[in-house]
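Feature list (source: Swiss-Prot):
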COMPBIAS  189-198  compositional bias 'Gly residues'
COMPBIAS  242-258  compositional bias 'Low complexity'
COMPBIAS  273-288  compositional bias 'Pro residues'
REGION    123-152  region 'Triple-helical region'
REGION    127-158  region 'Disordered'
REGION    174-230  region 'Triple-helical region'
REGION    174-360  region 'Disordered'
REGION    238-303  region 'Triple-helical region'
Amino acid sequence: MKSQTSGYVDPQTEEYDESREKSYQVLIAVSGVLSITSLLILVLFVPSMYNYVDNISRFSRRDFEFCQASANDLETEMMSVREGLLRGRNVTKRAAGYGHYNPSMLAADSPQFQECPACCIPGERGPSGDSGLPALPGAPGPDGAPGRPGTTPNASCIPERVFEPPPCLPCPQGPRGVPGHPGFPGDPGEYGIGGRPGSDGMPGKPGDPGLAGPIGPPGESGPIGDKGRTPEAHVIPGPPGDSGLPGPWGPPGSAGMPGEDGYAGTPGEKGWPGPPGAPGPGGMPGPNGPTGEQGPSGTPGTCVCQDTEVVMNDEKGRVPAPRDNVAPGATGGSYEPQGGNDAAAPSAISQSQNRRIRKW
């Protein structure tokens with residue numbers, strides 16, 4: 001804290017200002033580091049989080065599609081099992097109608113599908129499936145119960161002319177199923193063997209010209225050449241050359257005429273008060289003051305007569321001289337004490353004292 005009248009600085013205030021400035025600097029540095037760190041974390045975290053969420057959504061979508069495909073396959077299998085159960089109920093007797101004409105018989109290599117309970121009409125031949133694995137021979141099953149008599153599409157079948165169809169041949173293999181769900185990406189493989197070094201590339205194009213270098217120093221002056229020939233024709237003077245450099249300063253000139261007086265300056269500020277001066281000479285004596293009031297009357301004194309001596313006590317307790325020492329002709333009662341060293345002693349006594357002296 002600096003005073004306006006002096007350059008005094010409080011050391012405690014200066015130390016407090018320095019400590020506060022250092023604390024502000026530390027706070028600014030910490031806030032800057034935290035801001036930069038948060039920005040770096042944001043830049044690195046947001047892309048990785050987006051990639052992670054994208055992978056999870058893609059895998060979830062694939063799993064959902066796989067579940068949907070599995071559900072469709074199960075539904076297809078259930079339908080095929082149901083058709084197999086329905087197809088197993090229509091069992092015909094073996095070798096029925098052998099040697100008789102049966103209009104529903106087809107070639108041996110063409111499978112037929114029979115459905116209940118009317119006469120079966122073979123459908124179109126399906127596409128050939130892939131070759132399956134050879135199966136083990138199964139055990140012969142028991143004979144089935146005889147089926148119900150069939151009917152013609154337009155009228156009832158005559159019992160005498162109803163011929164049992166031959167047993168159903170095994171159906172061909174069905175078409176290939178829907179491709180499965182793609183699997184998850186495998187682990188990264190090992191590093192392969194390093195390839196052969198490549199051949200040298202084509203030479204590159206020449207580079208662009210570089211920047212102009214700095215101006216070099218001036219060269220040395222060459223030798224003076226030979227004098228040229230004097231022209232035969234009239235010499236035409238050339239244009240004047242450039243002005244030369246200014247010459248050096250000349251000697252100082254003589255003193256000039258004194259100039260006119262300048263304007264009066266503004267009055268200066270009031271100076272500080274000077275030291276006190278010497279004391280002045282004494283003044284003239286003043287006039288006499290007014291007469292004071294009359295004082296109160298004094299107390300009566302005492303008189304002790306002893307061997308022709310008079311002892312009197314005045315107001316100040318002084319003892320007067322004997323009667324013999326009174327100057328002759330002092331009939332008015334005035335006396336002077338012996339040993340008049342006291343300049344302030346009174347020159348007269350009161351009337352009561354004079355009466356006592358006269359009586360004595």
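Backbone N, Cα and C atoms are what each Cβ position is placed from, and that goes for glycine too.
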Next on the checklist: Which residues of the chain, 6 or more past the ends of the compositional bias 'Gly residues' (189-198), have a CB below 8 A from one of its CBs?
Outcome noted: none
Item to check | For the region 'Triple-helical region' (238-303), the mean pLDDT of the predicted model | outcome: 82
